[in-house]
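Take a look at the structure set out below.
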Amino acid sequence: MAEPSGRYQQLPCEEEPEAGPQVAADAPPPYSSIAADSAAFFDYKDDAAFPNPPSYNVATSLPSYDEAERTKTETSVPLVSGRDDDFVARDDFEDADQLRIGNDGIFMLTFFMAFLFNWIGFFLSFCLTTSAAGRYGAISGFGLSLIKWILIVRFSTYFPGYFDGQYWLWWVFLVLGFLLFLRGFINYAKIRKMADSFSTLPRTRVLFIY
């Protein structure tokens with residue numbers, strides 16, 4: 001029984017001597033080496049390819065509310081270009097202006113319409129036309145129609161006693177008709193002259209009161 005025990009011998013552990021160097025390899029490097037590497041890294045960051053960030057005061061400085069509103073207003077308002085193009089002389093009025101003023105044909109048409117058909121023709125010609133020539137023609141024709149009927153009633157034998165003792169009323173209607181006739185004719189002549197003078201001036205809008 002002693003022989004088997006003699007065969008087995010305890011061998012020395014080969015891994016135990018290597019434990020010391022492995023522990024030394026797992027230990028962190030010294031602080032001096034880390035500081036040197038960090039300094040080299042930050043020196044590299046100072047190159048032109050990596051500019052320094054702005055300071056805290058510059059990065060955190062925001063404009064005030066008034067400055068922001070003023071900047072927004074200045075950017076939203078468009079620049080006004082030269083206004084010389086708006087004042088270009090025109091050889092004639094536009095079509096819309098011609099429709100508002102009218103021509104001599106419309107004036108004569110509404111004039112005879114109001115003169116022949118009296119107040120019915122006056123209302124039709126005044127309401128159906130939108131030009132100054134048409135309405136002034138209606139006013140002038142109605143004034144002449146009023147003069148016509150005053151003279152008919154005054155000197156006709158079919159209407160006796162209408163102005164007996166009231167000749168002032170006859171004169172009132174006669175003068176009223178004469179004033180309406182002159183007002184329509186003279187105002188239309190002024191408008192035609194004004195249109196000719198405005199044809200070489202900048203764009204102008206004129207309001208005519210009838």
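Each Cβ is built from the backbone N, Cα and C atoms, and glycine gets one as well.
Owing to the predicted nature of the structure, the values given are computational and were not obtained by experimental measurement.
Annotation source Swiss-Prot lists region 'Disordered' at 1-31.
Per Swiss-Prot, the feature motif 'PPxY motif 1' maps to 30-33.
Here Swiss-Prot flags 1-105 (among others) as topological domain 'Cytoplasmic'.
Broken down by DSSP into helix, strand and coil, the topological domain 'Extracellular' (127-132) contains 3 helix, 0 strand, 3 coil. Look at Swiss-Prot and you will find 127-132 (among others) tagged as topological domain 'Extracellular', backed by sequence analysis.
The average pLDDT computed for the topological domain 'Cytoplasmic' (154-161) is 70. As annotated by Swiss-Prot, topological domain 'Cytoplasmic' applies to 154-161 (among others), with the evidence given as sequence analysis.
Taken from Swiss-Prot, the feature topological domain 'Extracellular' applies to 183-210 (among others).
Residues or ranges marked as transmembrane segment by Swiss-Prot on the basis of sequence analysis: 106-126 (among others).
Within the chain carrying the transmembrane segment (133-153), a Cβ under 8 angstroms from the stretch's Cβ atoms is held by residues 101-104, 106-116, 118-119, 121-122, 125-126, 159, 162-163, 170, 173-174, 176-185, 187-188, 191, 210, all 6 or more beyond its ends. Per Swiss-Prot, transmembrane segment is recorded for 133-153 (among others), and the stated evidence type is sequence analysis.
According to Swiss-Prot, the feature transmembrane segment maps to 162-182 (among others), an assignment based on sequence analysis. Among residues of the same chain six or more beyond the transmembrane segment (162-182), those with a C-beta under 8 A of the stretch's C-beta atoms are 139-140, 142-147, 150-151, 153-154.
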